[in-house]
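TrEMBL has this to say about the protein:
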COILED    149-176  coiled coil
DOMAIN    21-136  domain 'Response regulatory'
DOMAIN    191-386  domain 'HD-GYP'
DOMAIN    212-335  domain 'HD'
MOD_RES   70  4-aspartylphosphate
């Protein structure tokens, strides 16, 4: 059972002290009678003994607050008696009655029995009563001190129990909250993963219509790695990735013949219609709070640093950093995969286009970071080269993921080709009328060609 902090022991809980008990010891009955009358008139309870030995017996029968003893008694004198009283209970007040001739013995009694006061015979009643009151007040003060000390100990124990109970409840509540928080974090992570997967599937569906399989994913991956190299925080990297993945979502309203046409072959009217797709993309994404930052990137990814871009003619720092990154990543991927011109640009020529556009089209810091990412990718790819699927042969090592027209990864980088896989890829290319170009390690390119 734990302590209730509202009911901790209090000073008012202490019981009122009963009337004090006084033991008087003297071998003269007249003295004992006089002392009994005097003390009882003062409201005190009195117990008496005619000798030191009898006085010790009375103390065992009745605890007292004060002892008044004569010095000269047969058998055991007052000094020895009070010394034994002190040994039984040092808190009992001790007063010695003595005559003038007993001064030497009185000094001994004071030293041995630690007598608080001594009173000379014959005594003055009022003076003796004052001595008694002072001794009892001291005794009462000691008793109250002991009681308060005990009360303080009980309060401390009760507080410790209350604190332990509170700590246990806090620990249990904390553990419960931590468990709930972990569940919420897991649920949020699952929801976030589902959201990202849904966005990826939607981007893949857009690519199926455009005929540029993997473009959005490549641009998103390149943009995110560029952002990481530039030191963007995690939240900005997420928005950057989503904006890059959905940068062409506004094209969903364009006619088929316009979507698949290289940019350099568009007529003036087609270009004007095409230039509206960033605004249409932003409009489509803005209703979703999770995509509003990405929507701004979508709107601005065709802006130029010199203000000659579209749709708003922004320039310099007016263009958000995410949009500047997507602009460079999008143009690079479009150049090397034939989306901007009738023919594909080799990677080195595409790099030169980016470098030549620094200050007009592109942010120099972005281009520098993006090219560094491409260098890293080339090293990781083992300096592979691109070849047509019909030139594959067993033993070649894939240096980059193979992506289907629907955006699904068919083969992961590092795969070692065998006859069966080469045949299946060839059949896929013939069936869908595609030209599959794969990046393999350069050391394998000179091997004899195998028709798929």
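Even glycines carry a Cβ here, placed using N, Cα and C.
The DSSP breakdown of the domain 'HD' (212-335) into helical (H, G, I), extended (E, B) and coil residues amounts to 85 helix, 0 strand, 39 coil. Per-class residue totals from DSSP over the domain 'Response regulatory' (21-136), listed helix then strand then coil: 60 helix, 25 strand, 31 coil. Across the coiled coil (149-176), mean pLDDT in this model comes to 91.
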